[in-house]
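**Q** Among the features that TrEMBL reports, domain 'Catalase core' is placed at 11-398. The active site annotation in TrEMBL covers HIS61, ASN134. Summarising the annotation, TrEMBL assigns heme binding site to TYR343.
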Amino acid sequence: MAQNGGAPTYTLSEGCPVADPNTAQRVGSGPVKGLILLQDTQLIETLAHFSRERIPERTVHASAVGAWGEFQVTHDVSHLTSAKFLNGIGKKSKVLLRVSTVGPERGYPETVRDVRGWGMKIFTEEGNQDFVFNSIPVFFVRDPIKFPSVNRSHKRNPASNLPDSTMFWDFHNNNQEGIHALMQLFSNRGIPASIRHLNAYSGHTYKLTTDTGFVYIKIHFKTDQGIKNLSQAEANKLAGQNPSYHTADMRNAIENGDYPSWTMYFQVMKPEQAENYRWNIFDMTKVWPHANFPLQPVGKLTLNRNPENYFQDIEQAAFSPSTMVPGIAPTADPMFQARMFAYPDAARYRLGVNYQHLPCNAPVSEVYTPYQRDGKFRYKTNYGGDPNYVGASLKQVNFKGKVGANGFSPGGHEEWVGTVAGYASDVTNEDFVQAREMWKVLGRSNEQGDFVQNLVGHLGSALPQVQQETIKMFSKVDEGLGADIKKALSSNSYSLAIDSLPPFVNATSPVQTLRTSQRCT
Ligand code: NDP
């Protein structure tokens, strides 16, 4: 950088010096100057760059808090996985963590009720390991064809551009496999007090592999700060007073040396246990009850450094369930498989095909991918004259021979045999069993009343006929819960069934999301 008595000297982005960065060239001779000139590269460049400052916003997970940190192994898991970053008690790896709301756009208040996405990149000697988890242990759908739909229903009405509880509940009434996730979202954990006070869960079943075989696991990060939530009223107040409340909390904590940490646990299942287990382990609407598969501690994540620059470190960060090191492997969970495509695809669209070269994403291990070349923004090496096709035998200038392969053992895997067919899962009574367990958990912590209030605060602005269906759905979890929701809706002046109301398609006017005063007929 050009220096000027210790201070940086402003230049154009091509490096050429400018006389004064505060001026624009104009024609004129007196105190009142005339026209601006097109030849003023400094002005043109400044304006043109400003218009291009924004990159495409993530369709989901746009608003986020991020920080750097480290992961340290605390327990021996070498019998479960060959992943080198998990082998060796005390071993440390650099980490980037980005925790986001899902539905809202960037700048939306951070204390909204929503799932939090947990994008974590561990920079290991064997390449990056990404964990793209959630703050609840289950998800709303298990069929990837529904993935865009569930997200759209949680976002804005396409006509009114308003968040729309009718749309939200209409989707869930007709896709009731999401009932377990809804039990989590409308529990008090749906609004964490801060990012430091929430857990994260893999949701998906993963595989851990060694040279000799594999096990299935679910991964949990449990906050060492303890779970802490905001009431809906506190969250609403903060949304107005300090929409960036969670960002400020994290920055301040790290700035003050109060480093948040999480303990990482595995639940471990042997393949033969999976064969006859009550729950389909590839269904991400289900947990593995702790009593069946207890949590085993693995290591500790600590956040200890704020981003140097938000755009550089956090906005440009890209995480994918497909980014895995040897010793960790995907499973047949269809949502897992679909996300392995969708996340890098989103990054290619948002950041360009060479997004892995950006400093926040670049592995600390050596990278050699000469069959991936060129493309927009080739920031780093383009491999000179190395072979750009597989199986090259000719020795090129500056190239020492054939491209080698690591040849690591991928471990054992399942065998799948069957006929190709279109498939969509059915909702059955089994989908309500774990939701019912969650209702009991809330009973033990005396939070059932909060749950009902949290729920009707949202459901109350949906159309009455949609509310009726939602009440029926929650009645399948617990008859009393359904009755409580019905009672709370009517006593809070929220709307209830009016059979003569227009059908949903006619109800997309902005007014419907504001309508809270219709009474039950
Ligand atoms: P337990 O009955 O042994 O424990 C319930 C779990 O629920 C706790 O470990 C805790 O998860 C979570 N929990 C506790 N209090 C609350 C609360 N007030 N609000 C929200 N979540 C709370 O668990 P089981 O494994 O037998 O599962 C029972 C039900 O608990 C499940 O059906 C599921 O709905 C829910 N649950 C289960 C989890 C699992 O992985 N097994 C994880 C989270 C919830 P944590 O320890 O992760 O904080």
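For all residues, glycine too, the Cβ spot is worked out from N, Cα and C.
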**Q** For a quick check of packing: other C-beta atoms within 10 Å of the C-beta of ASN134 (active site), how many?
**A** 22
**Q** Please list, in sequence order, the residues in the chain of HIS61 (active site) that are at least six apart in sequence and whose C-beta is under 8 Å away from its C-beta.
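**A** When sequence neighbours closer than 6 are ignored, HIS61 (active site) has SER100, THR101, VAL102, GLY117, GLY119 within Cβ distance under 8 Å.
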**Q** At the level of the C-alpha atoms, what whole-angstrom distance separates ASN134 (active site) and the residue listed as 'heme binding site'?
**A** 14
**Q** So what's the mean pLDDT when you look at the domain 'Catalase core' (11-398)?
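**A** Averaging the confidence scores along the domain 'Catalase core' (11-398) gives 96.
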**Q** Which residues of the same chain, at least 6 positions away in sequence, have a Cβ lying under 8 Å from the Cβ of the residue listed as 'heme binding site'?
**A** VAL132, ALA318, PHE319, SER320, PRO321, SER322
**Q** Quick check: in three-state DSSP terms, what is TYR343 (heme binding site)?
**A** helix
